[in-house]
Amino acid sequence: MGQTVTTPLSLTLQHWGDVQRIASNQSVDVKKRRWVTFCSAEWPTFNVGWPQDGTFNLGVISQVKSRVFCPGPHGHPDQVPYIVTWEALAYDPPPWVKPFVSPKPPPLPTAPVLPPGPSAQPPSRSALYPALTPSIKSKPPKPQVLPDSGGPLIDLLTEDPPPYGAQPSSSARENNEEEAATTSEVSPPSPMVSRLRGRRDPPAADSTTSQAFPLRMGGDGQLQYWPFSSSDLYNWKNNNPSFSEDPGKLTALIESVLITHQPTWDDCQQLLGTLLTGEEKQRVLLEARKAVRGNDGRPTQLPNEVNAAFPLERPDWDYTTTEGRNHLVLYRQLLLAGLQNAGRSPTNLAKVKGITQGPNESPSAFLERLKEAYRRYTPYDPEDPGQETNVSMSFIWQSAPDIGRKLERLEDLKSKTLGDLVREAEKIFNKRETPEEREERIRREIEEKEERRRAEDEQRERERDRRRHREMSKLLATVVIGQRQDRQGGERRRPQLDKDQCAYCKEKGHWAKDCPKKPRGPRGPRPQTSLLTLGDXGGQGQEPPPEPRITLKVGGQPVTFLVDTGAQHSVLTQNPGPLSDKSAWVQGATGGKRYRWTTDRKVHLATGKVTHSFLHVPDCPYPLLGRDLLTKLKAQIHFEGSGAQVVGPMGQPLQVLTLNIEDEYRLHETSKEPDVPLGSTWLSDFPQAWAETGGMGLAVRQAPLIIPLKATSTPVSIKQYPMSQEARLGIKPHIQRLLDQGILVPCQSPWNTPLLPVKKPGTNDYRPVQDLREVNKRVEDIHPTVPNPYNLLSGLPPSHQWYTVLDLKDAFFCLRLHPTSQPLFAFEWRDPEMGISGQLTWTRLPQGFKNSPTLFDEALHRDLADFRIQHPDLILLQYVDDLLLAATSEQDCQRGTRALLQTLGNLGYRASAKKAQICQKQVKYLGYLLKEGQRWLTEARKETVMGQPTPKTPRQLREFLGTAGFCRLWIPGFAEMAAPLYPLTKTGTLFNWGPDQQKAYQEIKQALLTAPALGLPDLTKPFELFVDEKQGYAKGVLTQKLGPWRRPVAYLSKKLDPVAAGWPPCLRMVAAIAVLTKDAGKLTMGQPLVILAPHAVEALVKQPPDRWLSNARMTHYQAMLLDTDRVQFGPVVALNPATLLPLPEKEAPHDCLEILAETHGTRPDLTDQPIPDADYTWYTDGSSFLQEGQRRAGAAVTTETEVIWARALPAGTSAQRAELIALTQALKMAEGKKLNVYTDSRYAFATAHVHGEIYRRRGLLTSEGREIKNKNEILALLKALFLPKRLSIIHCPGHQKGNSAEARGNRMADQAAREAAMKAVLETSTLLIEDSTPYTPPHFHYTETDLKRLRELGATYNQTKGYWVLQGKPVMPDQSVFELLDSLHRLTHLSPQKMKALLDREESPYYMLNRDRTIQYVTETCTACAQVNASKAKIGAGVRVRGHRPGTHWEVDFTEVKPGLYGYKYLLVFVDTFSGWVEAFPTKRETAKVVSKKLLEDIFPRFGMPQVLGSDNGPAFASQVSQSVADLLGIDWKLHCAYRPQSSGQVERMNRTIKETLTKLTLASGTRDWVLLLPLALYRARNTPGPHGLTPYEILYGAPPPLVNFHDPEMSKLTNSPSLQAHLQALQAVQQEVWKPLAAAYQDQLDQPVIPHPFRVGDAVWVRRHQTKNLEPRWKGPYTVLLTTPTALKVDGISAWIHAAHVKAATTPPAGTAWKVQRSQNPLKIRLTRGAP
């Protein structure tokens, strides 16, 4: 009862997410509503047995699928995705479908009842199908026995043929055949094709029986059996693809074998078992049994008929008879049909789209592959004429790019057949240039470009020289002329040019842009400058200024300045950005002119960053560095023989260099010569080991790498980002070098990622970097095995003090990529000079790939494994491509280095000679300085941290902490020092840099300056870890003994988690030891560790207090610290806070267990045992339960028989909170008494005894650092614990059934709590925990108005307390009420009703004077609420004005119709408001030009010039073009209210009518060309009756439109049309009887009174914001109303009319404020203000 039946349809709806996922795998999309419609209403009408609840029967699904895929008008293409998904669910069922699917048959089961198979397939052209021949009445000849032959028979197979049933004797066979001939006509058996395999003697048989050997007929007509040979089966198996790879090819093979070899039933099983897998064979047998047809020619499900036609077990067919052979022929036919049906793959159009033409593949071959894909992955036949269009489009789009582009440009492409396209493609394919021709063409183009470039360079040089001479001549001439003009007192201007005079050569007949003497061609590259800048100073083509020059970074961009000590101010020539209002007069050699100043710019100087304002002089030849900036630079200019030099105050060169913060330490490194000079013996002895002499490396022992992709990955193609010409030229040499080395090769790949040019700091060189982020997302992740640099040096013993450091050059390029993985890393590159335009990819492991470091590190480890084995006395450390070799002596180091270089050269790796450090006692490795078994921080690292300025932003602070954190091993207590800095790095935290942060910042810097040398870990010696803890921070130092001293190995520090930070000091020490032991393990590598601390924590770890530690944490600590093989505890020591090392003096150790016992609970005498002489024995309980969907709660304190206290708690109170409230109330009521209190709540009991103290020490935070629940109740309980004189809190089991006092009291408390919860709920429970001290109100100031109102209300004045009292409460004056309610509203922004409800629920100790009126005023004057809250104003409907006759008043609008065919996407609609007549024009654009064109060419000639046009505020109507046309023609164009479609209601409704009609017509006709169907839609709209019962056609012409019924036999009555006079009379009647009444009716509507809106001129209103964004107010304003109509407003600041429904009133200012008039500087203007000035 009550259970529902699960059906296939309901099952799919319950797992709809899985259904959509399966549909997505089939490359289709399904919707739930259509899924239900097709299953329950559509497919049952196909009459193929589909139930309304759905089915997973493959046979029924196949029949529905055949109906859906039926070609022509009877098909259902919209149902294809749904039936394909049904088939996928049944074919490969998910777990929730398998119980509803019939299990697949075992290998050879008894034949089950199979569902009906698919529709009949057309017969294949195969000899398996017997020909229909006329029956022969004559008796067939008797089969002859094989004559005895003396020749030996060839034994092809060792095993005997399969046994068959005993055959009847010849006479019996004769009799049977005669009987058969009399009953039915039997056709003679056709001779079977024999195999040329020799002959074989039949085995001996009984005289009465014989063993038949079908199916080869001998010379005497005897059938013989010739089984398959092993070689045949082997060749067929290995020389053909599997059935899953290419089912069509294997089906064709089996078909040919069935035709030529005529196999028996056993042979067929042997053939299927050899060529197919078990699952494939079962699928073929199932499909074959589906194809069995009954007597009616349709697929049958009758088991007897299916088993008779296609048995699964060996049948007893007699192949010597006609009936037996017919059975076998039918079996082969069904087997072939099963192969064909099973070979069909699920529909997957993506597979078809993936077939593309190869580079050298002919179009014919490509077409065959495309057709085969159609046959395999779609249900469509590519040979079907109806599919020729689809195949043709696929052939064009998927052809090679050059062929596809030319085919797309063929004329009259729609009329081309597939054969025509193939012929055109063959012509294009055969006309392709050969590789030799292409190379010759590229070579010629390169030579021509080089020749053209040389000529342009020569011309440019000549022009540059000529321009310099001309400028100098002009300058000298200007000076002379200027002096002469000064003497003459006049000014001479440059003569004006004539209209046809050239400004360049001054000749007439052409202009400067067409001047033949003006140099042409592209500008050459800018000359390279040797400045440490990130970019050149000027624009493209600008020359750098002459010496002395300097480059500074201005506003983030580098600018090269000419040092000009004669210039007072610095000058910028271009890209100034915003300019200020200031200007200055500049006097130069050519005269004076006024120029403007720029706003302040950030300028990076050598002395720091300054703010400076420049003069913007566009016509200045170069940017000038004047005396103002030279002063800020403190520059010094020296004149030497080589020229002027500009240096800083200390003599250093001035330069700007930008680089990453992590590389800044390299600036401070002292430059030195490379350790390996290029001419040294190391280079000559090992030429193959160095990149400088051995070239690009190649790891010869490493196989090409195959990059596996994720299972769901698909190729990603991202276009190349735009790249500047400078960057392209910068990376071009690198690309060319990699191409020459074979590391890059051209390719064609569906993958593509962009290439980024990255400029190297300090140079103009670029390097290519590929953005492989998208590829990294699609590649399988592998576990990274790169060594950790944190503990890598732990494997370096201090005894090895001779080092060699090698850095492998281009390390990743040493590993090859497999050809199948190379397309993943393709990118675009175009170089016309080299003839490259396409994609390039890497043949080696690329940089930027996420797995490159791990793959290379593992490969190099494998290659160097033999070296480590052969040299056990050497230490070889490897971090990716950085190698460190350590030895005990110089000789061993040199010998090992030679062996390592020889090994690297033989393996194919190359080291950088410039970075090599060979056989030295002091080297730099991974940023450390290694010397004498110790590691130091390099001075460069220290200088980097010390040189960073004080952080101003969280990002700068994170950069500082990251840089300093690298050095934390050298800084004792780093975590405690940096504690004030870390909170400022969190997102959303205000960056407030105070004294604490500055102190921490300076302490870290100071500690870094005094950083000691740390010893390298010696894994042969034990380690000692000294641990201390202070205020939640663990600090320690890891040491090893060196003689009598302890040498530090690392300083460790870490902050404890919030839980451990709240423990007592002894337990915090346990947590600190555990944390630092874990970190020290990274350096000790599991070696013995002795822990020394000022606490005896070993006893605590062995017997930890369970009330402080959880079981999981206790187990973790014990497993780590009680491992005696690795961790041991030393004696208790006192540590020096500065060094964390032990102090010489001894202190008496304390007892940690005793201290923990003292800090165990909250109250020392609190116990859980009953007090014998208690004053009270109470029972507490809290109850919380659901009733009618609402959670009720209550709490009670009782004795065994009576209720002491009971209260209902607010709805939603939890049971735990109720228990705390009950216990707290009991403690309060027993103040000063002895109390035994029982509670059945473990939560309340544990909080009082244990957890409360833990929470208090932890700061009331959880283990995750969040605030605990029931915080206020816990605090109240902890405070109430100290109220009773003596206290015992006892836990008792809940819901006891005994008769003890404890059970009775517990039941009483539980019943009282439930009864209290059912009563009226208290408004708040804060009264239970708040202080009982009465609240004294402050001194109130009452105004005269307040006093008058108080006397009216009958309030009394309290003389002693100094305030008025009403209703027993102090009265709060009006001003105080306003301040309180205004603050409350600003916090909550509640409505007046909600604020009243809130104040009524909270029991306020005051009586608020004029509360309701103040609430209303506060909410109405709130600006935030006015801008956000919705408006409830209701505006009555207005009346639209209509024309008084046809053609005078039109409404016009654009509407978009998608999809747009042939470029038509819009519909311009005109509606006559009088008659409703509609004119619509399809357009390609929505512009004012289109509107004007249709108005003048269509509306005006047919209907006359309109008097009024109405439209919305669209750009096509509100533009100046449309309005100007209307003004010229005298048309009154009325723009309706913005965002108010009802204002244009008639044309908007017509838009909807036309689009709905077009939609119906497209569905009915099956075409998408809505332009073709538009006349039918207009005809419908023009002949639809309006509100007055007349159609627009009848209103215009006075009669219905003429209709002709072409099926009427009497057409004569329709041939005579009315005369012209009759038409004129009808129009006159229409004008009198229709037009005038309609005009009168429209006028009556206008005369009806309309309720106007309440807004008046001068009111302030808020205007609705129609396009709001997130967190943006709904209303804008307020605005002042300027004009009004009955339905719309015009406001100040908005040009369009606004409908009254889109505004709401704004609160007017107080009446006391008045407008004031003020004078302004302009005598024609005055200023109006209101309010305080």
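Cβ from N, Cα, C; glycine included.
The N-myristoyl glycine annotation in Swiss-Prot covers GLY2, and the record cites similarity to another entry as its basis. According to Swiss-Prot, the feature region 'Disordered' maps to 108-218, 449-469, 511-550. If you look up Swiss-Prot, you'll see SER190 marked as phosphoserine, on the strength of similarity to another entry. Per Swiss-Prot, the feature compositional bias 'Low complexity' maps to 526-535. What Swiss-Prot lists as domain 'Peptidase A2' is 559-629. Taken from Swiss-Prot, the feature RNA binding site applies to TYR721, ASP771, ARG773, PRO787, ASN851, PRO853, LYS1054, LYS1055, LYS1082, SER1184, LEU1186, ARG1242, ARG1266, supported by experimental evidence. The Mg(2+) 2 binding site annotation in Swiss-Prot covers ASP1181, ASP1310, and the record cites sequence analysis as its basis. Swiss-Prot lists ASP1181, GLU1219, ASP1240 with the feature Mg(2+) 3 binding site, giving sequence analysis as the kind of evidence.
Around ASP1181 (Mg(2+) 2 binding site), the same-chain residues six or more apart in sequence whose CB sits under 8 Å from its CB are ALA1195, ALA1196, GLU1219, ALA1222, THR1239, ASP1240, SER1241, GLY1294, ASN1306, ALA1309, ASP1310, ALA1312, ALA1313, listed in sequence order. Other residues of the chain with a Cβ within 8 Å of the Cβ centroid of ASP1181, GLU1219, ASP1240, the Mg(2+) 3 site, are THR1180, GLY1182, ALA1218, ALA1222, THR1239, SER1241, ALA1244, GLY1294, ASN1306, ALA1309, ASP1310, ALA1313. Following the DSSP three-state reduction, the secondary structure of ASP1181 (Mg(2+) 2 binding site) is strand.
The most densely surrounded of the binding-site residues ARG773, LYS1054, LYS1082, judged by C-beta neighbours within 10 angstroms, is LYS1054.
For the domain 'Peptidase A2' (559-629), the mean pLDDT of the prediction comes to 74. Its own atom aside, the Cβ of GLU1219 (Mg(2+) 3 binding site) has 28 Cβ atoms within 10 angstroms in the protein chains shown. For TYR721 (RNA binding site), applying a Cβ distance below 8 Å and a minimum sequence separation of six or more within one chain yields PRO754, LEU755, LEU756.
The Cβ neighbour count for ASP1310 (Mg(2+) 2 binding site), using a 10 Å radius over every protein chain in view, is 20. Under DSSP, the residues of the region 'Disordered' (449-469) split into helix, strand and coil as follows: 21 helix, 0 strand, 0 coil. Same-chain residues at least 6 positions away in sequence with a Cβ under 8 Å from that of LEU1186 (RNA binding site) are, in sequence order, ARG1192.
Under the DSSP three-state reduction, GLU1219 (Mg(2+) 3 binding site) is assigned to helix. Around ASN851 (RNA binding site), a 10 Å sphere centred on its CB holds 17 further CB atoms from the protein chains shown. When secondary structure is read from DSSP and collapsed to three states, LEU1186 (RNA binding site) falls in the strand class. Under the DSSP three-state reduction, ASP1310 (Mg(2+) 2 binding site) is assigned to helix. DSSP assigns LYS1054 (RNA binding site) to a strand.
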